[in-house]
Amino acid sequence: MARLLVVSFTPKGPLSRTRRLLDAWLASRRAADPALTVDEVDLINTELPLVDGPVALAKGSVAAGSQLTPTQQRAWDAVTPWAREFLAADEVVIAAPMWNFSLPYPVKHYLDVVVQPGLLFRYTAQGPHGLCGGKPLTLVTTRGSAYADLPQVNFQTSYLRWLCEFIDCRYSEVVAEGLDARGPQAGEKILTEVIDRL
Ligand SMILES: Cc1cc2nc3c(=O)[nH]c(=O)nc-3n(C[C@H](O)[C@H](O)[C@H](O)COP(=O)(O)O)c2cc1C
């Protein structure tokens with residue numbers, strides 16, 4: 001039974017086009033695999049631990065293999081369950097719109113919480129080594145503009161693709177883009193066509 005972890009940030013709720021795309025994608029996945037289990041970290045309704053000084057110091061201590069102070073240990077114990085949940089999934093989906101050419105800040109916060117040494121990666125004499133075993137990570141996103149001719153400013157894709165290299169996930173994306181650039185009717189047509197192709 002495959003376990004899918006959805007990490008979502010769709011603050012417009014039922015009006016979110018990213019949520020519509022995610023729901024359609026999940027429906028097609030469930031149709032193909034009725035035994036699929038889906039857990040969701042809904043970043044609208046989730047309070048993540050702060051990634052503050054003690055977390056950063058704990059991260060350094062773990063990476064260096066040194067003893068954590070009690071303060072660092074408390075901070076480490078707050079972030080590791082999130083990383084373990086990420087690791088336990090067979091597949092991860094990140095669903096969020098493009099904001100300012102990248103991922104919205106709650107998604108970055110989530111990634112800063114879960115990408116931890118000894119869990120999602122480790123340092124070796126040969127350099128960093130990803131520990132996610134090549135599991136699939138899919139970005140489900142919608143964008144106001146289209147970036148096929150401007151890949152250098154699509155930091156969403158370049159950032160997540162490189163992060164996946166680092167932690168050893170297999171990156172792919174489901175995208176409906178150009179939804180705002182030519183008005184709502186043209187945007188609706190593009191989104192519907194992407195959903196119909198799923
Ligand atoms: C704060 C904010 C920043 C945005 N920045 C971008 C951007 O940099 N590039 C882009 O193509 N669209 C941008 N958009 C447009 C959204 O990506 C687009 O409307 C998307 O479909 C919204 O998804 P949603 O309906 O799920 O919220 C931005 C929208 C908001 C609210």
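Here the Cβ of each residue, glycine as well, is placed from N, Cα and C on the backbone.
Feature annotation from TrEMBL assigns domain 'Flavodoxin-like fold' to 3-194. Averaged across the domain 'Flavodoxin-like fold' (3-194), the predicted model reaches a pLDDT of 97.
The Cβ of Met98 (FMN binding site) lies under 8 Å from the Cβ of Thr141, Thr142, Arg143, Gly144, Asn154, Gln156, Glu177, each of these being in the same chain and 6 or more residues away along the sequence. Positions annotated as FMN binding site by TrEMBL: Met98, Trp99, Asn100, Phe101.
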**Fill in**
Students should find that the Cβ of Asn100 (FMN binding site) has, within 10 Å, a number of other Cβ atoms equal to 9
**Asked** Under 8 Å Cβ-Cβ from Phe101 (FMN binding site), six or more apart in the same chain: what's there?
**Response** Val153, Asn154, Phe155, Gln156
